[in-house]
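Single-structure report; data block below.
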Amino acid sequence: MDKHRRRDESPSGLSDIVEPDGLLGTGITSRHIEAFGRKVTSTAGHLMGPAPDSSTGGHYHTAMADIQRELRHPNTQRKVFSLTQTTPTDLVRSKLSTTEIQSRAISSLPDELLANIPDDSSSYSLFQGFQASQDDIEYRRAHRRRSSKSKKLLKDGETRGALPSAPSDLKKERDLLSRRMELMGVRKNMCSSEIHDIDNKIANLHNMRKIVLDRLAGLEMEEADLEHELNEIENKLEDIQEEQQEAEVPPPATPKSSEANDDSIVSEDPAMGASFMSESIYQKIPSPKSVKQRSIRKRSMPVLHEHFAPGSEIKEMPAHSDMVTAIDFDYPFGTMISAALDDTVRVWDLNVGRCVGFLEGHNASVRCLQIEDNIVATGSMDASVKLWDLSRARTTTRDNRVTRREDDEESAQADDASMASHSTTLEDCYVYSLDAHVDEVTALHFKGDTLISGSADKTLRQWDLVKGRCVQTLDVLWAAAQASTLGSETTWRPSGRLPDASADFVGAVQCFDAALACGTADGMVRLWDLRSGQVHRSLVGHTGPITCLQFDDVHLVTGSQDRSIRIWDLRTGSIFDAYAYDKPITSMMFDTKRIVAAAGENVVKVYDKADGHHWDCGAGVGVDDSGPQPATVERVRLKDGFLVEGRKDGIVAAWTC
């Protein structure tokens, strides 16, 4: 009895069990388990219950509360239930033995493995980095319990206000803040290291991108050469097939009768004789070889400019020796037509930046032009409009000068002489000339089989390109007089200002189906109906001559010498948006994303329609004012983000936009 009584009075409850049927023997008795359970229950109640002094045992309450939350998870409960089915003997046997523990404690890694550890330039250990990250995690957890923390801070504030803080508490708080400052320094250095790594990766990616762009440019050059060779081979095959077909056709039978019989036949039947003589004469005259029209097929579209940054220069070409008056191209890296005051019209291959020929025929400088599907229309100061078909090109090398004045400078002659060996004159491209205006042609536009031309004779003419004749003449002055007489709300009312004498009377035109938009020197934009020949609507807003315009399905954009660009809503006839520059607008064009304009500066003015951002593009960007300045931009053209500009010194450059 004394022996059992001493076991009950043992403070540990299990430490005094020495029977062979104890924990290491056959098992634990129910009495020992009940005693252990009572002690655990009392200990847990003491730890988790409310304490009279909040300064002692607070971390125990927090720890047990966390354990209680973890025990509520279903996975944890299943593990506990499975643990109760295991006997204490199995639990003890599942532990590591003393030998295994000693072996793991004294084991060490060989020097070969330690030598392969990479060197690290960081002065902070992995554990310090973990501590810094752990502090961030604890900070986020504290924010989740913001309400409870705020209440605790209020209680601490009340306590501190009531009782002065002890020096030991202040020292602990100082040490805590110093530790946090040290961890903040570690985290800052870690962030700086990550930023440097990211910068290095970005630089490497930029270098890789440049290498791939160069490779893409080379592939497109090879592709263009292969396409050119393929077109030449196909043309040769077509020529050989035509020659074979001509050789298979039998020659016409020659008459065997004598000349006397022929004379008698002619005298007997005059009509028959005339026909016979006509045939015989024309058979003896060598007829020119007919040129078969060949369409220039584009098998692939260039994509290099799509990967350049906006504002990057693609090519710069010394195109002319005088100011560029008109430029246009069909598609990016395709065919470009340029005209200037040096009385030349040049055809360019934008893929290689080379002049491939000239369009000769005008007696004066070309003021306006357009290219569409190998068809080129040019309007000149000689009051004529000429049509050209580039698919009928037959190139022969010759001098590139069209008309040269005697007072030309020697530098211009040297430039032409240097380009003569590399340029060719396009023959057989001329189709016909449209001659009806009595003054210079200042604007033109064609769509389908309809061409509209505007002239300084103050008229607009509609041409049928199939028949090659004028089908309608629109008198702009008569339309303006009629509008001022009617005085309706949507028509023009005289403002008392006179048109600028230096400006073109018809500054810009564009047609689509039966709709025609025309901008004139009086600042008016008139919308015509070609079916009736009447002005459908007049847009009032500009205070200077209209120099350029373009419209799509919804909006019409106009540029004027009053330094403003206005965007009109075609559905209502009102102004949708407007902005201005420092100098007059000489040229303008837009695509789906941007509006580009030449505004009397050495840069192209770009306006993003999506976000309303204005920026400059061209050779004048970033140029020091004290150094040499690029020439003023006179003409701009934009298609699919591919920008071409023509300058006052005759240089033409291509940019990404």
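Note: Cβ is positioned from N, Cα and C throughout, glycine not excepted.
Residues or ranges marked as coiled coil by Swiss-Prot: 210-250. Residues or ranges marked as compositional bias 'Basic and acidic residues' in Swiss-Prot: 1-10. Here Swiss-Prot flags 141-152 as compositional bias 'Basic residues'. Annotated region 'Disordered' per Swiss-Prot: 1-23, 140-174, 242-268, 398-420, in sequence order. Marked as repeat 'WD 1' by Swiss-Prot: 319-360. According to Swiss-Prot, the repeat 'WD 2' annotation covers 361-398. The repeat 'WD 3' annotation in Swiss-Prot covers 436-475. Per Swiss-Prot, the feature repeat 'WD 4' maps to 481-538. Among the features that Swiss-Prot reports, repeat 'WD 5' is placed at 541-580. Annotation comment: Swiss-Prot describes 582-617 as repeat 'WD 6'. Under the heading repeat 'WD 7', Swiss-Prot lists 628-657.
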Note to self: Using a cut-off of under 8 Å between C-beta atoms, tell me which stretch among 436-475, 541-580, 582-617, 628-657 contacts the repeat 'WD 1' (319-360) the most.
What the structure shows: 628-657
Item checked: Within-chain partners of the repeat 'WD 5' (541-580) [C-beta distance under 8 Å, separation at least 6 from its ends] -> 490, 497, 499-500, 503-504, 507-510, 512, 517, 519-525, 586-590, 595, 597, 599, 607, 614
Margin query: Out of 361-398, 436-475, 628-657, what stretch is closest in contact terms to the repeat 'WD 6' (582-617), meaning most Cβ pairs under 8 angstroms?
Written below: 628-657
Margin query: If I take every residue in the repeat 'WD 5' (541-580) and average their pLDDT values, what number comes out?
Written below: 95
Next item on the list: Pull the DSSP breakdown for the repeat 'WD 3' (436-475) and write it out as helix, strand, coil residue counts.
Entry: 0 helix, 26 strand, 14 coil
